[in-house]
Structure formats: C-alpha cells, structure tokens
Amino acid sequence: MDVQHNCSTIVPNQHVLIKLPSEGMKIAFLREEGTISLGKFGAFKVESILGHPLGTTFEIGENQDAVPVKSMIHNEDPVENEITEEELTKDQLTKYFEVSAESNQDIINIGLSIQKLDNKQIDDLKKSGASSEIGQKIIEQIIAGHAAFDKKTVFSQQKYLRRKQRKFLRRFQVEYLGLSQLLQYYIDKDIQRVLHMSEETLGMLLSYANIRPGGNYLVLDDTAGVVVYAMLERMQGKGSILLIHENEHANLAALRHSDYSEEYQKKMIKTLSWLQFAEPENEKIEWEDLPQEEIDEMRPTKQLQYSRRLKRAAEINDALDMVINGNFDALVAVSTLNISSLLPYVVPRVGGSRPVVFYSPYKEVLLETQHELMTDKRVLAPAMFETRARVYQTIQGRLHPLMTSRGYGGYILYGIRVFPAGGHIQAVGKGTRKKPKHDNVKSATMTPQPEAEAAKIEDLQEGK
Amino acid sequence: MSFYKYKDFIEEGDLVLAFISRGLIKPFTVKSGEFLNTRFGSFEHALMIGMKYGTQMGGVKDRGFIHLLHPSPELWTVSLPHRTQIVYTPDSSYIVQRLGITSGSRVIEAGTGSASFTHAFARTLSDDGKLFTYEFHEPRYIEARRELEEHGLLLNNCLITHRDVCNDGFNIENLPEKFAKNGGLCCDAVFLDLPSPWTAIPNLSSVVSSETRVGICCFSPCIEQVDKTIEALAEHGWTDIEMVEIAGRRWEARKEMVRDVLDVIERLKQIQGKKTQGIESKRQVKLEEESDKKRSADQLDADSALPEPSGKTTKFNPFGKGIRIKEGDEQFNWKQVTKVETEIKTHTSYLTFAYLVPTRS
C-alpha cells in the first residue's frame, strides 16, 4: 500500500491545487527543481515553497522566489483592506483612503475616461518587473490616476482596491488536493465533466452512502473518477470499490491528478464492464495453469505475457466473485445511463439495510426513479434531496449574501435496501388481511405510503 | 451493531432502528422476552434474532409491519432522542466535506448536544482519527456519555469531556496515550456549536496543530453571532473567513392527473344536453299539467309523465368526479411531478468557515 498522503506539508513529487488571485485554479505536480508558471501572474520556483504547510499563500518575489504571506488579499504593510481583520482606523488606511466621501452622492459615471492610465501604460509597468512589488506599484498608479477615487466611500474604495489586488498582485495559494479541491477544479474547468455536481451535493452523497474506511462499495461514476477519488479519500486505503463501466475500460482520467499509484488504485478499485457485471457467471475466465516445465521452456517475453494474463484473469474472476457474493455496503450511482434500465442489475447486489444513492443533475430523472422504486419493494423510503450553499460577503458589519452565484448542484435520491416480507408474513396468517380500518390508519401516517401497503398486499398474494 | 461497520444478522443486544413510517424511526435494543409495541402492531424481539438487517417484519397475527434497520449516523440523526437542536445531514455533510475531514483527522466538537453530529464525525474519522467532544451541561453530558459508550464510540475514537470550553479551554489533563499526538490534542479541524464561539476561539491555539492547516466551522443561528465570530477569528490569525448558509430540501414524487380541456368541453356538452333535456321535459310536464287543468282530473294518469333523466351520474366522467381516486389510478392519465416537502427548514444556522495556517520560518 502507498504511504499515506501527505496532507500537511508541501513536499516534492506531489500534486497540489494552486489557487490564483483571479479565483482561477490549476493542478500542478511539484518537481523539486521545477518552475511553475501561473500565466499572467508570473512563475515561481518549486523549491521556494517546499516545507511550508499546505494551505499557505505565497507572493512571487525577486528571482521567482515565492515568499509566504498571510492571505490572498491581506496586505503586509499598513494598508488594511480586510476590514474584518483589524479595526478600521484612519491611520491604517491613510495610504489610500485618507480622502473618502461620506456617500456616493458625487459619483458621476463617465466611463473609462475616469482613469488617466491607459492600457499601454499599464502594460509597460507590467513589463518592468516580475515581482509582486510591481503589482503593488501598478495599483498605486491606477489609484493615483483615478480621477474620482476620493469621491468614493471608504467601503467602495476598499472594494476597488481588492479588485485591483486580485488583478495585479502576484499571489497564489497552495492547497492539498483533497476531495473538494479536485471537484472545484473540474467545476472551474469543465463542469459538464462532473455533471454539475456541487461540493455540498458531493458531501451529502458521501454521507448518505455512509462512505468510510473498510466499506465495500458498488459504484457507477460518469465523472471520470472524481467521485471515486472522493471515496478513496474517505476510505484511506481500507475497503474496496467495484466500479462498473460501459466501455472496454473504466474512465478514471481524474485520478491522473492524484498521488495514488497504479498499484494502489488496482488494490482499491476493481473494475468490470456492464457485460461482465450483468452476467457474472458467464464471464468467468476459465483458466488452467500450464505445467511449470512448459512455462520454463517459454521465451522470456512469452513468460511475461503468460504471467500478465494469469494476473488479469485472477483480477477479473475476483471482481466477478464480488458481484456474485453481492452484499455491497452501498450503491453509489453517478451515472448518465437510464436508471430504470440498470435497477434490476444493481439493487439485488446491495446488502440489507445498506444505502442506495443516485445522483443526477436533473430532478426529473430521479423523479422517475423514485416512482419506480416506490412500487419496488426492495428500496425503503426513497426520497430526493437538494442541497445548496448560499455564500455571504463575509465582512464585519457588512454581511449579506453574494448578489450572484453560479447555478448548479444536482440532486440526490437516497433509499435503503430492504427485504420484503413475502414468506414471513404469509406464515403468520395468510387469511388475515388487514381490516380496512387498519389500512386507513396507516395511510394517514405514512406519506407517501402506497408502496409499502401495495408491497404487503403483493407479498401476501405472492405467497399463494 | 456498530456505527463503523455493517453486519448482516440481528443478534441479542443489538441496537436496531425500527422503521415504522416515514418520519417515525424508533431505536431499541434487542432483548429476548421483550416486545416492541407500536401503533402498527407488536413485534417480538426473540423473533428478530437471526433475521437479516433490512427485513420487513410482520407483527403478531400479521398485524402491521416494520422494517428492521441497521444503525447509521444518517438514520440515527432522524431517530435519536433530542436533548437540543441537532445538526442535520445537509449541514453536517457539508461541514465534513468542506473541512476536508477524512479517516485520520483529529477533530474538536463543542458542544456535544444530542450527539447527532458526534456519530457522523466518528464514522468518518474511523479508527485512525480522533474526536474530542465537549459538553458543558452536566445532565446532557452524562446522557451523551452513556449513549456514546453504548454505541461503542468511546471505545473507538471518541473522547467526551464535561467542560465549559469558553471559560476553561480545551486542554485535557491526563490525556490517554491513544488520543495524544505530540503530547497533545493537535487537532486539524474544529466545529463550534456554542452560543458564543468568539469566547472559545482564543482558547484554541494550544490544541490545534502547529504543522497542518486547521479548519474551523462555527455554527450560529444569528447574524450578530457571526459578526462577533469573524472579528474574533481575524484577531486570532484565522484567514479565508467565509460564511455560508445551507438550504436542504426534500422533494416528494407525486402524480398529477392529466386533465384535457377537450374532455372538459365534451363533459360540459353532456351536462348541457341533459339540462336541455331536463328543461324540455319539465316544459312538457308543465304544458301537460296546464292542459290537464282544462281536462277533467280523472283523465290524468301515470304514463303521461316523461321518464326521469337517465341515472344519477353523467355518462361521461373523464376525471372520476365524485369518486375517490387514488393518486396514480391506472384508469386515468398522470404526469409525474415533484413537490417540495410540506415543512422546509428555511434556516438552520450560519456556517462560518476559516483556516489557520501555521507559519514556518
């Protein structure tokens, strides 16, 4: 097994998430001797960030050396734009905010002409150096060139400054590539790839599916492995995932960003195609070991081939045995396949009282599934959930929800695998069908109830 | 029974959750000789032993049924005995996700409250992680302690302390070897569900990791609390402060009858038709009556009256008016629709997140 991920300190040969001042992000692999380019924000030497805790924010200084700073927008000099961080006193703000207005009464919108600096001048400034100091200088000049800066209120000046800092300060934050970070990266880069799943929905999915170390999970993942990665992070090397895929090979492209070795992945993730999964008995590989003498006589390349095939056959047969034994600790279905068509294959493989969880970007897809499960006796109390985080502008004295947010997130359908009573109930008393009175009592308290009642009646009928 | 691992068959002494109906899950411990009495019937514990978790069990004389479920933190959250307001799954799952808590994390929780989140933390932290949970209210502490012990959490990865963390801090004297790291708590995640988290924040510095980034979430219902919290966080060096609210919704799957306007028109025509027929027949009766007056009374006989308009119900009844129709009745057309749950949690609490990054010289 792999050494446990290092999630506390920045070390070489590790994938990390780099957050940029523009709120963009990139995943980088840290080569000890390497330099990492952040596009317009410059470049830095990897060795200058090593040894610092993951989560540290850096500023690019001279010679591409990164120096730790407090935060992305926090200013080291007396300029204090995060009002939350220290008391808003006049002397902290003197540098930029010595003249400000009480209100925005005198602001007149004259568009771009308010700024005396033109793009060319800013470009020239940018070219004059690569360190963060230049960024600071540009900001100062932009503010100096702003004809009505003094007409802004202090709050507005702060916001303006923060915007410019995001644009010109050469800062970046290095984070551990955790389960949320990988998802965030894809949300930023290619939201379709993660089926519009939000961080809060992923969290809910993992909780309802009761993901933990030692579990044995049945998984469908159309997010190229982002969901599998999240599960691996929660499992920390214990348990197993059986991943069912629709092509010849499973698509786990997102795992290329992870620090999990191929060996580790093989140990944790077994993969089977839908064909193999649907007909596990037929897909078993009949394997007969060749006599040792025969193997010894083979050419080395042939020997290698033989041992490889032997290994592959054993892997597939092991995975097929997992299917045949069933009793999975959860079904996690993040799939774009028609759910109704796959239910008959997956539901019986889930163990008793274990969760069955589906994700879809669309409520309508899950609605159909829920209706179907409500008439199916094997999944108890299916319900659809939605969870949305509403982010606030978090500044002391000025708390309010952000004015706009990206609209996405998806939905979850969660139920519990159960065993309908067929035999048991029949044994107790087939003839004693419920009196209508009893029926009414139950209907009144169980919402939406018909499936359970229908299930029971069907059970009794089946018992004949 | 365990919150860390599933098992398949029910045994004597297990904690089982009886799913009685949606919104009614009853936890109980299996003891031979006892009965679980619900308004849907009575269920004998002895019969449950050896049954598979997930079994639908019929009651005595087949009266009613329940499902016998294995405990999980998510099911426990909706079945536990309330001592305080509890943190529900939409909030707890997001907090765990956002703070990057996995197996092996070391977490502080204050206060324990009804120990709902405690179970969810313990599950995720697993054998390698540690949970330090604090409760200042003594009866609640005793109750929670007993519960955590019964559920095997104290044996595994939880340490519960009776403490007012705001006044007395988080340090634990005589910390058991098993729970110590570098001789202390050395936590990398903190969850504060306290009335005044800003008074506890200054006490954190000695119990959080000095090597790893530490995440915090303060859970407060009022915005004034958030305001004070962010001030305290900033003052003590926490950065990336962000407050969010989580809105969790459950959606119900329903069916809405497809009622076509052409059917309405046709039905109206029928009614109209009957009406005219009715008026016509009444007019006829009236005319006859008038003529009858002219005639002698003895000429009137029974067969001159027209028959009553046919049957009580109209012939064409496309929507089953007047009949009790079950949602989804196959004689009619239905459209699948969603409806948000009847009572939604519009506000649970504000979640204020921040991080403390140790500096390396």
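Just so you know, glycine gets a Cβ as well, placed from its N, Cα and C.
Worth saying up front: this structure is predicted, and the values here are computed from it rather than measured.
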Worksheet entry | From B:GLU135, B:GLU143, B:GLU147, B:GLU211, the one annotated by TrEMBL with B:ASP164, B:ASP193 for S-adenosyl-L-methionine | B:GLU135
Worksheet item: Hey, for the S-adenosyl-L-methionine site built from B:GLU135, B:ASP164, B:ASP193, who else sits with CB inside 8 A of the CB center?
Response: B:ALA110, B:GLY111, B:THR112, B:GLY113, B:TYR134, B:PHE136, B:HIS137, B:ARG163, B:VAL165, B:LEU194
Item to complete: Among all chains shown, work out which of the binding-site residues B:ASP164, B:ASP193 has the most CB atoms within 10 A of its CB.
Response: B:ASP193
Discussion item. Assuming the binding residues for S-adenosyl-L-methionine are exactly those in the record, B:GLU135, B:ASP164, B:ASP193, what is the maximum CA-CA distance in angstrom, rounded?
Written reply: 12
Worksheet item: Under DSSP, is B:ASP164 (S-adenosyl-L-methionine binding site) helix, strand or coil?
Response: coil
Discussion item. Taking DSSP as the reference, which of helix, strand or coil describes B:ASP193 (S-adenosyl-L-methionine binding site)?
Written reply: coil
Practice prompt. Could you list the residues of the same chain, at least six apart in sequence, whose Cβ is under 8 A from the Cβ of B:GLU135 (S-adenosyl-L-methionine binding site)?
Written response: B:ALA110, B:GLY111, B:THR112, B:GLY113, B:TYR141, B:ALA144, B:ILE160, B:THR161, B:HIS162, B:ARG163
